[in-house]
Amino acid sequence: MKIGIIAAMEEELVLLVNKLDEPKTENFGQFTYHTGRINGVEVALFLCGIGKVNAAVGATLLLDKFKPDYLINTGVAGAFPGNINIGDIVVSSEVRHYDADATAFDYEMGQIPQMPAAYQADKLLLGLAKKAWINEDSISVHQGPVLSGDSFIHTPQQISQIEQKFPDVMAVEMEGAAIAQTGFLFNVPFILIRSISDKVHEDGSSAIYEQSMEKAAANSVRMVLSMLKEL
């Protein structure tokens, strides 16, 4: 079994790179790609950059070059519900674009025309995540809908618009839906594992993000490593 793991930022990937046995590194244009084994599992680690276009291009390269059986997106996210705290993990039940609007043509809000409205996380990967969070009892884990778009959500207007359109949202980030859509197009199952770096309703969320990002990224990596141990 081959697992592709993709992240937007070096801080979200470096701890996994450091765990690689028999590591190899390649560059494709401005993208960096590492292969090797973690706990005996063949993996490829891909640094895609921030935002949905970078994520889609990176995921496409990862799928084409490595041909993984499963795709995991690791990284950080902002939390919507007040009971989700900095450093907690959110496992995607589904992921949607929040910044796509083709409702004039009877598509759902967030739905790209001719694509699903929501991309469902793979059941096998969800099962691995559930086993992993039992083992990682020092981290609180939540499962629910995740939204993606090309903005850092922090203003009252942004927050209100998202909550009106997607009242069940648990976390928001900038790459997951593009990665999920790419996986859908290539028939490769996926899951998002995101740790909370900021809470969108708190003042100064960008400063909180800067302070918390490395800790949150490390927690997300811990969860992914626990999942790999379950394979």
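Placement of Cβ uses the backbone N, Cα and C atoms for every residue, glycine included.
Swiss-Prot lists Glu12 with the feature active site, proton acceptor. Every protein chain considered, the tally of other Cβ atoms within 10 Å of the Cβ of Glu12 (active site, proton acceptor) stands at 26.
The substrate binding site annotation in Swiss-Prot covers Gly78, Ile153, Met174, Glu175. Glu175 (substrate binding site) is surrounded by 31 other CB atoms, counting those within 10 A of its CB over all protein chains shown.
Shown in sequence order, Gly78, Ala79, Ile86, His154, Ser205, Ser206, Ile208, Tyr209, Ser212 are the residues of the chain, 6+ apart in sequence, with a C-beta less than 8 angstroms from the C-beta of Asp198 (active site, proton donor). Residues or ranges marked as active site, proton donor by Swiss-Prot: Asp198.
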Should Glu12 (active site, proton acceptor) be counted as helix, strand, or coil on the basis of DSSP?
helix
